[in-house]
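For reference, the structure is listed below as structure tokens.
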Amino acid sequence: MTTAAQRQVLDQGDIARSLTRIAHEIVERAKGADDVVLLGIPTRGAHLARRLHRKLAEITGRELPVGTLDITMYRDDLRLKPARALEHTEIPVDGIDGKLVVLVDDVLFSGRTIRAALDALADHGRPRAVQLAVLVDRGHRELPIRADYVGKNLPTSLRESVKVKLDETDGVDAVLLGESEGSAQ
Amino acid sequence: MKRHLISTADLTREDALLILDTTEQMAQVSARSVKKLPTLRGRTVVNLFFEDSTRTRTSFEVAEKRLSADVINFSAKGSSVSKGESLKDTALTLQAMGADAVVIRHSASGAPKLLADSDWLHGSVVNAGDGTHEHPTQALLDAFTMRRHLNPGVGHDLAGRRVTIVGDVLHSRVARSNVHLLHTLGAEVTLVAPPTLMPFGVETWPCQTSYDLDAALTKADAVMMLRVQRERMNAAFFPTQREYTRRYGLDARRLALMPEHALVMHPGPMVRGMEIESTIADSDRAVIVEQVANGVSVRMAVLYLLLGGSEPAITTSSANTSEETGK
């Protein structure tokens, strides 16, 4: 449902091209992506991780391990909101010890979600390195965290909201920029 | 139900499914090498046990520690309670010490409700078994175990599944909690017990009753054997142990009557040779040890949902009404 106040900044083709470019960048930087493990942060990050997984399979010809990482219980704002339902965590069977973990999320904003994800990762094992891939970086970081792979840098004001829609959950691929209605990411 | 878990009768279907789904995620934590979450860091949970219990108290303690809560064990024996302190003064003491939640077991039915309704304590109250009334976390772990085997999957209930609960229903808080919860989740419950061990007013419960175990077993998806609670018996409820075992015990002949997929469950502690034959308890049909493991996950889920946020996720039925008006 696109209201008049919302402006589309990425369409289906833009999202697909961004993911293709990120997949190539991962292969380039990881020198073949031999030990890469993709972990998506539910819900949309998990879908993006699966899409990246398919692109990487096309590029490298191999099936890389892919999973999901729920960070709810590691959030620093748990006590500010009612207790919420948990999402599914699925770590690939070979684990993450000594691997290059690429975290995947839809929007990078304050950086607090990623901080929680780093804490959660530490309880699952010790990766060789952790990198971050996001579809949109909208700025306004509150922690010293940056993304290694960015689909689109989107300068925003704090009054604006960024909404990522994906076919798997919303029936359409789009990134929308609009006035915040208290539901920023 | 607001911020307490006193009775499974207070849980809506949505509440119950939320707890079971959360339990599914908590169960994953128990399988990791680091079995610890930071979720309840800085929160204090008091295990207030007025009645002896090793299994339930340990299970709660493991759950609380896995969620990083500070745990205080307060047992009646050797404490101020044995010197004559009232429940009220104990509660006021715990409140003064800053308890965020109290897990209470008491031999008097209704003690947790008294505590929850009072203004002695501001924290959440979790019923860990009160007299012959209720034991909600046991029923939740039983339902979770059944769902995993009979209808696995997030968001699934137990619609149409048949559960037979056998034995000392009269003294069993486990049976009472299970009847309410399983009914809420859509299962059909049959209670089987000698007439002397069937509670007064059982016809008002949302379940069937029977005195014939063999007939009830043939169509059961799960059979739950209850322990005969001799410590609560002040009269002769059946002639001899042998007669009880012959009429209401689970043996190899009766196991053969059950469908292939049917589960054998027991809330523990079990008396081998009394309500269940030893070989049955050890057979691969029995999920008794699995029930214990699931108990930790269920208690983690309940504590997380009650204490994890600014307010509990388990709410009253107002959530349903707003959903209906939205349609």
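Numbers here mean position along the shown chain, with the first residue as 1.
Just so you know, glycine gets a Cβ as well, placed from its N, Cα and C.
Those TrEMBL annotations? Automatic predictions, nothing curated.
Residues B:R55, B:T56, B:H135, B:Q138, B:G268, B:P269 are recorded by TrEMBL as carbamoyl phosphate binders, and the candidate that the same record lists for that site, out of B:R105, B:R230, B:R232, is B:R105.
Cα spacing between B:R227 (L-aspartate binding site) and B:P269 (carbamoyl phosphate binding site): 7 Å, rounded to the nearest whole number.
Secondary structure of the domain 'Aspartate/ornithine carbamoyltransferase Asp/Orn-binding' (B:160-306) per DSSP (helix as H, G, I; strand as E, B; remaining residues coil): 63 helix, 24 strand, 60 coil. All chains included, 13 other C-beta atoms sit within 10 angstroms of the C-beta of B:R55 (carbamoyl phosphate binding site). Those residues of the chain, other than B:R55, B:T56, B:R105, B:H135, B:Q138, B:G268, B:P269, with a C-beta within 8 angstroms of the mean position of the carbamoyl phosphate site C-beta atoms are B:S53, B:S59, B:A128, B:G129, B:V174, B:P267. When the alpha carbons of B:K83 (L-aspartate binding site) and B:Q138 (carbamoyl phosphate binding site) are compared, the span between them is 31 angstrom.
Its Cβ taken as reference, B:G268 (carbamoyl phosphate binding site) is surrounded by 15 other Cβ atoms within 10 Å in the chains shown.
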